[in-house]
Each structure stands twice: as C-alpha cells, then as structure tokens.
Amino acid sequence: MAAVETRVCETAGCSSEAKLQCPTCLKLGIQGSYFCSQECFKGSWATHKLLHKKAKDEKAKREVSSWTLEGDINTNPWSGYRYTGKLRPHYPLTPTRPVPSYIQRPDYADHPLGMSESEQALKGTSQIKILSPEDIEGMRVVCRLAREVLDVAAMMVKAGVTTEEIDHAVHLACIARNCYPSPLNYYNFPKSCCTSVNEVICHGIPDRRPLQEGDIVNVDITVYRNGYHGDLNETFYVGEVDEGAKRLVQTTYECLMQAIDAVKPGVRYRELGNIIQKHAQANGFSVVRSYCGHGIHKLFHTAPNVPHYAKNKAVGVMKPGHVFTIEPMICEGGWQDETWPDGWTAVTRDGKRSAQFEHTLLVTDTGCEILTRRLDSIRPHFMSQ
C-alpha cells in the first residue's frame, strides 16, 4: 500500500489517522480508500473489493458507449481474453431496465454496489432458519409467481430470439405480477434473469446474440414479492439438438429429481452431492464444484450451503420448515470452470456444454414440497420440445 497525506481511516467504527491507500484503487482512479493499518484494510476487504469491481464495470460501460451505430455488435469486448468455447458475448448491453417505484424492492436494489446488507450480516453463519407458517405461505406465493415467469420465458425460446429479448419478457412478466426481478443489481448484475448458453455453466448475462438451432440454453429466474424470493431454472433445447445435448439435459434433470427424492427430515445436506455425482458419473458426466444450492426466503442466498458433488463438507441436517434450492450443474467434459471478464459468466474450462435445473424446496414432516413445480404438468419443458 502506498503512503499518502494524513486522512481518517475509512473502516467502519475506526477514526484513527490514515496514511495508507489501496494500491488497486490508485490504479483504477478511485478517490479516497484511506486506511490506518494493514489490519483495518484486511478487515474491510470483503466490502472494499466491491469498489474495484464497480470501477472496472464502469470502465467497460464507457468503452461500450463508444459503439454508437444502431445494430453495431462487438463480439470481442475484452481484448486478449481467450475464450474456452465458441460462444461470444454480443455487446453493447441494453440499458438497465427500470422497476416501478410501487414495487417492493430488496435491500440491494438501490445499493451502489448491489450489496445485500441483510445477507452480509449473516455471512459465515451455518444456522438454518426454520420458517414460520406465515413465512411458508409467503414462499409458496412467490415461488408460484417465479414459476409463472419461467413459463413465460419458455415460450420465448426458439432460434433467432436473442437472450436480451427473453430478459425483456421476463422483466415485464415480473412487473405484471408486482414482483421485483431478484437478479437485477444483485452485486451489480445488470439484467433481470440469467441466460446460460452451451458452455456457460451459470450466471450468463442476456445480450444481443440470437439463439441458434442446436443450442441449449438455461434460463434462471428469481423473483421477489412481499419480502420473499423464489428461485428456479430449466434448460431448454433450441430447435433440433444432437443426441449428446439430449443425454446431457436428461441426465441433469434426473440428477435434480433423484436428489429431491431424498429430501426429508434427518437427511444431511452433504448427502445430496453423493446422489447427484453418482448419477452424473454413471452417465459419463461431471459435476461443477464452484457453485452450490442455497437457503432462500427473505434472503436471496443464505444457509444452508448445498454442494452438488460427492464427499463434500456441507453443514446441517434437514428439518421441517427449511427452505433451500438444489440446482446441479452437469458438464459433458471436465467440471473445472472459469469466469469471463464481465465478472459473472461462468464457463467450462474445456469449452464443452453444461446444463442445469433448479427447484426451491420446503422440507415437510414426511418429505418435501417442490414450491416451484409446474402446476399444469409434471414434466419439465424440454420433454415437450
């Protein structure tokens, strides 16, 4: 850290004299960021590093703004980045969509860094909340609405449609149901849903790329209503797909459903990964290890942590009133991942395809209730494509 003129330490609760400044902030041109010691700097790192991400994102937006011609698409916005597969981003992104003021917003919606202070307050805890009857009813309502929004997205999936157009439909469907699209501005995520095509594992940002015949695409929906979040996703075929894609998507769905069949009071959360990996490996596929299922209710992400791979160290035992997601990400090749320079798009390191399915579940006295199930069919959409 570089020495600078005397200032007051920016760590919350510390008013000591500060002569050190974050070197990364200096490089990025961020003003301020003064600390009294390495210890204070390290103690503030979890929130401070978000300033770096925001500055990098704003720099990227400034670069994007230089593309002024209508229809001018940049498929290589990050000079020097080596893509792992054939997929490319299609920039610029459209502007952030507004949410009417009458719709209730989560605490991160208007935070400059998109940070959820309520989640940060419980970060690191392994205590799993048991929902009250009132909470459970709130979750039933919001999960039903999330399902309706995903069903709207499902009708959009076809060759020639851009993932940006799917995101637009999702955004409008949320507003029509008096819901806030939970991904929007969550740690500055720029869109209202995630769309993950082919080698994208998760957290793909909707953009101007048209879906192509033979693609697979996952659409991940979370909505917020009356203080609760509901979360689900499905993977879809785009037109006719090859047999490898069919096997991958079918196996991924089976991994989810076999894990759901095991959910009941007394089961350890770590057991779900054993079930998922056994079925994936039996079919020649691998299980992503970097991203997990999670508790969800008034918080978007909270305890329990639900890994999908075998021999994990997840903490906790299922009890009636627990609500959480299972969302296995299954890959054709290796499970290793990397992230695009946008800070969100997770892709397979070998460029091979990945699929995912997700439900939000309530542990009952005898088993579980799939809160995000389809009401008009027991089959996921891909089985009817």
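Backbone N, Cα and C atoms are what each Cβ position is placed from, and that goes for glycine too.
Pulled from Swiss-Prot:
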- CYS9, CYS14, CYS36, CYS40: Zn(2+) 1 binding site (BINDING)
- CYS22, CYS25, HIS48, HIS52: Zn(2+) 2 binding site (BINDING)
- HIS203, HIS301: protein binding site (BINDING)
- ASP220, ASP231, GLU358: Zn(2+) 3 binding site (BINDING)
- ASP231, HIS294, GLU327, GLU358: Zn(2+) 4 binding site (BINDING)
- 6-59: zinc finger (ZN_FING)
Cα-Cα distance linking CYS9 (Zn(2+) 1 binding site) and HIS301 (protein binding site), given in Å to the nearest integer: 31
Alpha-carbon spacing, CYS40 (Zn(2+) 1 binding site) to HIS48 (Zn(2+) 2 binding site), which is rounded to whole Å: 11
Rounded inter-Cα distance in Å - HIS48 (Zn(2+) 2 binding site), GLU358 (Zn(2+) 3 binding site): 32
Cβ atoms near CYS22 (Zn(2+) 2 binding site) (within 10 Å, other residues, all chains): 23
From CYS36, HIS52, HIS203, the binding-site residues whose CA lies within 10 Å of that of ASP220 (Zn(2+) 3 binding site): HIS203
Non-site residues, in chain order, whose CB comes within 8 A of the mean position of the CB atoms of CYS9, CYS14, CYS36, CYS40 at Zn(2+) 1: VAL8, GLU10, THR11, SER15, SER16, ALA18, PHE35, SER37
Residue with minimal Cβ packing [other Cβ atoms within 10 Å] among the binding-site residues CYS14, CYS25, CYS36, CYS40: CYS14
Spatial neighbours, same chain, of HIS294 (Zn(2+) 4 binding site) - Cβ under 8 Å, 6+ residues apart: HIS301, THR302, ALA303, PRO304, ASN305, VAL306, PHE324, THR325
The zinc finger (6-59): DSSP-derived helix, strand, coil residue counts: 27 helix, 10 strand, 17 coil
